[in-house]
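For reference, the structure discussed in these notes is given below.
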Amino acid sequence: MNEDPKVNVSGLPPEFVDAGASGNISAEVSSQVPVLQPEPELVVNPWDIVLCTSGTLISCENAIVVLIIFHNPSLRAPMFLLIGSLALADLLAGIGLIVNFVFAYLLQSEATKLVTIGLIVASFSASVCSLLAITVDRYLSLYYALTYHSERTVTFTYVMLFMLWGTSICLGLLPVLGWNCLRDESTCSVVRPLTKNNAAILSVSFLFTFALMLQLYIQICKIVMRHAHQIALQHHFLATSHYVTTRKGISTLAIILGTFAACWMPFTLYSLIADYTYPSIYTYATLLPATYNSIINPVIYAFRNQEIQKALCLVCCGCVPPSLSQRARSPSDV
């Protein structure tokens, strides 16, 4: 039997009809083949890179202080215990910033977010509390100069260390134990997953700590001025020498307190007035100076200390410079 002839209703030549038919077949086949979409590239926030770099510098710098104090048996006085506590807290803060960067881009989960923010909150809280403890210790060493070097002072130092680390760990555990905004984004603060109330408590605690430090440093200034005046009278120094010594001591205290306020005050005030709806660039811009405080702390509290300088020189070059070993402590060294 003869096959039915194909009817060409398009009015085109047969070869065009055959070409169009084969084109339709190839189009149908290609439509059935799945198209592989390119994977989205991992976009890294430059602010996160800066924070991670800051965390690396913080970790390296404070690790040196921790190792020096830990491996040097002569650095066991209350002052060095508190400096070691400050360096350890800043070291953990730097590690927390690094871990936060790694988890944010390589291992994203709710559990890692909570653990990371808990570590950062606990470490920075311990850093601020250690600064307050160092201020208290300096005040006691001047106000109770005759009885400062006693077992009571050592016991009081350990009590302060226990309280400040216990309080800091409790603050860090709050987000992990459920006080977070992962289930209700409307309660988030400028730092997710911290709640607005949690951030407010941390901010108010910082303002209270700053007020205590300010009051203690005012009292320290008065004691330094009185001691410098007494020394000047005993050694028959000129009034100019007394003025220079006193001014140096007050300038040192102003630098310490001013640096602390300049680093932490912007982020503290911003956390009180802002929430998660504010642009994240403001959070980064105020949080970054707060991390710089952990970079400056070893310079102010550790590397300026004569005993730590000697220990560092012994580790680096195996000797102590004569100028450092013969340096006398003055009332301005507070």
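The backbone N, Cα and C atoms fix where each Cβ goes, and this holds for glycine too.
Unlike curated entries, TrEMBL annotations are predicted automatically.
Residues annotated as transmembrane segment in TrEMBL: 47-70, 82-108, 114-136, 156-179, 199-218, 250-269, 281-303. What TrEMBL records for 61-301 is domain 'G-protein coupled receptors family 1 profile'.
Between the transmembrane segment (156-179) and the transmembrane segment (281-303), the number of CB pairs under 8 angstroms, six or more residues apart, is fewer than three, so the stretches are not in contact. Away from its own ends, the transmembrane segment (47-70) comes close to residues 80, 83-84, 87-88, 90-91, 93-98, 100-101, 104-105, 280-281, 284, 287-288, 291-292, 294-295, 297-298, 302-303, 308, 311-312, 315 of its chain (Cβ-Cβ under 8 Å, at least six residues beyond either end). Among residues of the same chain six or more beyond the transmembrane segment (281-303), those with a C-beta under 8 A of the stretch's C-beta atoms are 47, 50-51, 54-55, 57-58, 61-62, 64-65, 68, 83, 86-87, 90, 93-94, 97, 124, 127, 131, 134, 190-191, 255-256, 259-260, 262-264, 266-267, 270, 274, 309, 312. The stretch in closest packing with the transmembrane segment (82-108), judged by the count of Cβ pairs under 8 Å and taken from 114-136, 199-218, 250-269, is 114-136.
In this model, the domain 'G-protein coupled receptors family 1 profile' (61-301) carries an average pLDDT of 88.
Remote same-chain partners of the transmembrane segment (250-269), defined as residues 6 or more beyond its termini with a Cβ less than 8 Å from a stretch Cβ, comprise 128, 131, 203, 206-207, 210, 213-214, 217, 220-221, 224-225, 286-287, 289-290, 292-293, 296, 300, 332-334. Under 8 Å from some Cβ of the transmembrane segment (199-218) lie the Cβ atoms of residues 121, 125, 128-129, 131-132, 135-136, 138-139, 171, 189-191, 253, 256-257, 260-261, 264-265, 268-269, 271-272, all in the same chain and six or more residues away from its ends.
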